[in-house]
Amino acid sequence: MAEAPDSLVMSVLARSLVAGTPLLLGTLGEIFTQRSGVMNLGIEGMMAVGAVSGFAVAFETHQPWLGVLAAMGSGALLALVHAVVCICLRATQVVSGLALTSLGLGLSMLLGKGYIGQPLPVRFEAWPLPGLASVPIVGPLLCQRDPLFYLAVASGLMLWAVLFHTRWGLALRTVGENPVAAETLGLDVIGVRVVATVFGGAMAGLAGAYLSLAYSPSWIEGMTAGRGWIVVALTIFSLWNPWRAFLGAFLFGGIDVAQFTLQSYGISPQLLKMLPYLATLGALWFTSSARHRASPPAALGQPYERGTR
Amino acid sequence: MQREYKWFLPGLVGILVVLGGWLSAAQGREGPPAEGKPVKAGLIYVGPIGDYGWTNAHEQARQALVKKFPWLTTTYVESVPEADAGRVIDRLITEENCDVVFATSFGYMNDTVAAAQRYPDKIFAHCSGYKQAKNLATYFAELYQAYYLNGLMAGALTKSHKVGYVGAHPIPEVVRHINAYALGVREVNPQARVHVKWLYSWYDPAKCREAAEALVAEGCDALAFTEDSPAVIQVGEEHTAKGRPVYTFSHYSPMGRFGPNSAVSGQLVDWTGLYEMLVTSIREGRFEGKDHWWLMKEGAAAIGAEPGQPINPKFVEVLKKIEHTDPVLGKTNIHDLVMKRIEQMTDATVSFDPFTGPIKDNTGQERIKAGERATHDQLWTIDWYVDNVVGSVPK
């Protein structure tokens, strides 16, 4: 090997962080949505629309940050549809989420027709963090990344703090655990749920923007490639805790990366191809065996009608 | 994944079909009086027309022909799972009244053969298959010559003597392309080895990117691939921008724009001529149910990362400076060697073919005898690697 083995390890670690970032962004959003008691299975659709609108706006304006805003906006808009249907009209959340996936994927194809095969004139470049970037190992791994990676890490930390250490977080969790009690306490259950759902959509849109603006700067139909579903699994795996979302997202990113590195060691590629799915099963098994430590928000998936019990 | 499109696509396709029919009907009225009979063609696509690869290339040909021939009307259905082909063919024949159905995926073969028996007065053409009938032709635009030419350039440019290949599925078509690429590499750089990563997917930009990154991390500095997105080119461009040149070769569609400093060349397909020949033969009533296997000579394949540029102008001088001594041509350089080989592979007799023996596989077994050329059948079923490819074809 021309390269020292440690640089191969470094490359795998670094690529795992990159591949895990969109998963992290999506998972953080879905954790918030589900904590409020709303299940949104439409991540895949919101991600796809985020990816295409982020790409389109960045392509037309040459401003990647405007693309990010557009992606978050369009993800939020789709999530608002889900919120109106499920929270205000009290329709079945699973069905609405699945419809949102189909709608989002179809919409992304329609919107993206003109952008296929167009290279992005601007993209997110790496921003080395001053001072930290030259620290061995940690520097190249964590501090020489693109700004959306920092944004993902920062929002993970922030959301953890908000969820467990602020009154807003307490209100959100109460709404998801016991909406009747929340209403008795004077909380606006419907309002909290709508905000949490729309926020989750914005995060899914941001995850899509990461794909089309930083990870693989281009628009191609179906580029989300099932990540929205992995996000749903990771939300369960994380036990609705942003801390564990980091672990899950980068672990799954790592599995995506490692399957190609391991091919050169004579391990059957068919077997390696199964790794992410085996890992999903493993994660679900792990979660169900850890049930006694954390369980899903008690009111998850149940529509709430004001004044009934 | 496909399942999610299930309800949306039929609606979208329905609207497109109606719109398309209306537009082409409007166009047809303005056309000159027909000499032969008008032809209505239905195409079945396995992917979305926006895949920037296989399906997109067929769609480009369809659009070009609809513009060219006022007597031709077309309709298409995209993202058709291989199990649904029979149902879609029925619809195209009975509801859309198509005269000919083009089934553009290998997996449609058995349904297409069955449909050809069911509708003996309709015409069928199946892309990449091997079963023909009186009213069923097979057709394919083959790229192995272009892969060989890319291999010449990759072998000449690599500094690490490790070149990489990201393969979609380990089927004969892809194995043939890897071997052609490896034969090119070996001709100019016998010490270089070809390293392969398999995706088990025709289309997955993120996975493809990770496979390319893994090859680069292992030391490969020239990459070719079979996958319908520019992910490998982008990886090459990113490493090149960071000061570590990684040379890439674009696949199927023009992808040079994604890697102006990395994409040296590539293979470009053009299905237009093949489709033109087929629809014209139907219009003139001289369709035959035989196999059409088109290569560079017929204009179905070319090299380049962008149309009209066989080699990225940035690399022309670089390749001219790399000297090479050929046993037949004598002292030459890589640029001229590539050009000479194109000339030989497009002349009337196809005076050069990369799969000319002696060729051994990487276990030492002789596969093609000295002086012999691989037959169409050998190339069609190839399941072994030539001697400078590392590893074995997954079974």
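Keep in mind that glycine also has a Cβ here, set from the backbone N, Cα and C atoms.
Unlike curated entries, TrEMBL annotations are predicted automatically.
If you look up TrEMBL, you'll see A:12-29 (among others) marked as transmembrane segment. Below 8 angstroms of C-beta separation, residues 43, 47, 140-142, 145, 148-149, 152-153, 155-156, 159, 199-204, 206-208, 210-211, 214-215, 227-228, 230-231, 234-235, 238, 242, 245-246, 248-254, 256-258, 261 of the same chain, each at least six residues beyond the ends of the transmembrane segment (A:12-29), sit close to that stretch.
Residues annotated as transmembrane segment in TrEMBL: A:41-59 (among others).
What TrEMBL lists as transmembrane segment is A:65-87 (among others).
Annotation source TrEMBL lists transmembrane segment at A:94-112 (among others).
Cβ atoms under 8 Å from those of the transmembrane segment (A:124-142) belong to residues 10, 13-14, 17, 64, 148, 150, 213-214 of the same chain, restricted to positions at least 6 beyond its ends. Residues or ranges marked as transmembrane segment by TrEMBL: A:124-142 (among others).
If you look up TrEMBL, you'll see A:149-170 (among others) marked as transmembrane segment. Outside the transmembrane segment (A:149-170), and at least 6 residues removed from its termini, the chain residues within Cβ reach (under 8 Å) are 17-18, 21, 24-25, 28, 31-32, 35, 127, 129, 203, 206, 210, 214, 241-243, 245-246.
What TrEMBL records for A:190-216 (among others) is transmembrane segment.
For A:228-255 (among others), the entry in TrEMBL reads transmembrane segment.
Taken from TrEMBL, the feature transmembrane segment covers A:267-286 (among others).
Under the criterion of 3 or more C-beta pairs below 8 Å, with sequence separation of 6 or more, the transmembrane segment (A:94-112) and the transmembrane segment (A:41-59) qualify as touching. By the Cβ criterion (under 8 Å, sequence separation of 6 or more), the transmembrane segment (A:190-216) is in contact with the transmembrane segment (A:41-59), since 3+ such pairs are found. The list of residues near the transmembrane segment (A:41-59) in space but at least 6 beyond its ends in sequence, with Cβ under 8 angstroms from a Cβ of it, reads 22, 26, 29-30, 66-75, 78-79, 82, 93-94, 96-105, 107-108, 111-112, 115, 118, 120-122, 201, 204-209, 211-213, 217-219, 222-224, 226-229, 231-232.
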